[in-house]
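Undergrad: What Swiss-Prot lists as N-acetylalanine is Ala2, and the listing cites similarity to another entry. What Swiss-Prot records for 8-43 is domain 'EF-hand 1', and it gives sequence analysis as the kind of evidence. The Ca(2+) 1 binding site feature in Swiss-Prot is assigned to Asp21, Asp23, Asp25, Thr27, Glu32; the stated evidence is sequence analysis. Look at Swiss-Prot and you will find 44-79 tagged as domain 'EF-hand 2'. The feature N6,N6,N6-trimethyllysine is assigned by Swiss-Prot to Lys116. According to Swiss-Prot, the feature domain 'EF-hand 4' maps to 117-149. Annotated Ca(2+) 4 binding site per Swiss-Prot: Asp130, Asp132, Asp134, Gln136, Glu141, in sequence order.
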Amino acid sequence: MADQLTEEQIAEFKEAFSLFDKDGDGTITTKELGTVMRSLGQNPTEAELQDMINEVDADGNGTIDFPEFLTMMARKMKDTDSEEEIREAFRVFDKDGNGYISAAELRHVMTNLGEKLTDEEVDEMIREADIDGDGQVNYEEFVTMMTSK
């Protein structure tokens, strides 16, 4: 996981890690973790922090060493990438760029993908994703649909 990071990213994370490794012993406490991540533009909730700590703190001693920290940051960045992929997919469907996917736009993309759908099938797909009932799919609805699997 951490091997997918660039040298620049690793250097950036090392710098941030060092800032919070007060006594220079190569570990940071779980309490310091949230501060480190926020300094890098991440915004984890308390529950997310606890989950991340539990995942990487193998010996359960409440501290995290740098390799563990790198693994965790790489995971967090992977999540961010998938958000960008969803945004990109939405742009593909939203042909006219008005912020909504209409039945016609959905039909067009599905046809290009080799999916020959009836009008009823297309309308049903829109209905399933259309939370506010306006007959089209906005970005928030699209994200909900894409992440609810």
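Cβ atoms are placed via backbone N, Cα and C, with glycine included.
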Undergrad: Under 8 Å between C-beta atoms and at least six residues away from its ends: which parts of the chain pack against the domain 'EF-hand 1' (8-43)?
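TA: Those are 2, 49, 52-53, 57, 62-66, 69-70, 73, 76-77, in sequence order.
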Undergrad: From the recorded positions Asp21, Asp23, Thr27, Glu32, Lys116, pick the residue whose C-alpha lies nearest to the C-alpha of Gln136 (Ca(2+) 4 binding site).
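TA: When the Cα distances are compared, Lys116 comes out closest.
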Undergrad: Radius 10 Å, atoms counted are CB only; among the binding-site residues Asp25, Glu141, which position scores highest?
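TA: The most densely surrounded of these binding-site residues is Glu141.
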Undergrad: According to DSSP, how is the domain 'EF-hand 1' (8-43) divided among helix, strand and coil residues?
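TA: Once the DSSP states are binned, the domain 'EF-hand 1' (8-43) shows 23 helix, 3 strand, 10 coil.
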Undergrad: Of the binding-site residues Asp130, Asp132, Glu141, which one sits closest to Asp25 (Ca(2+) 1 binding site) when you measure Cα to Cα?
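TA: Going through Asp130, Asp132, Glu141 one by one, the Cα closest to that of Asp25 (Ca(2+) 1 binding site) is Glu141.
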Undergrad: Using the Cβ center of Asp130, Asp132, Asp134, Gln136, Glu141 as the Ca(2+) 4 site position, which other residues in that chain lie within 8 Å, going by their Cβ?
TA: Tyr100, Ile126, Ala129, Ile131, Gly133, Gly135, Val137, Asn138
Undergrad: Would you please pick out, from the binding-site residues Asp21, Asp23, Glu32, Asp130, the one with the fewest other Cβ atoms within 10 Å of its Cβ?
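TA: Comparing Cβ neighbours within 10 Å for the binding-site residues Asp21, Asp23, Glu32, Asp130, Asp23 has the fewest.
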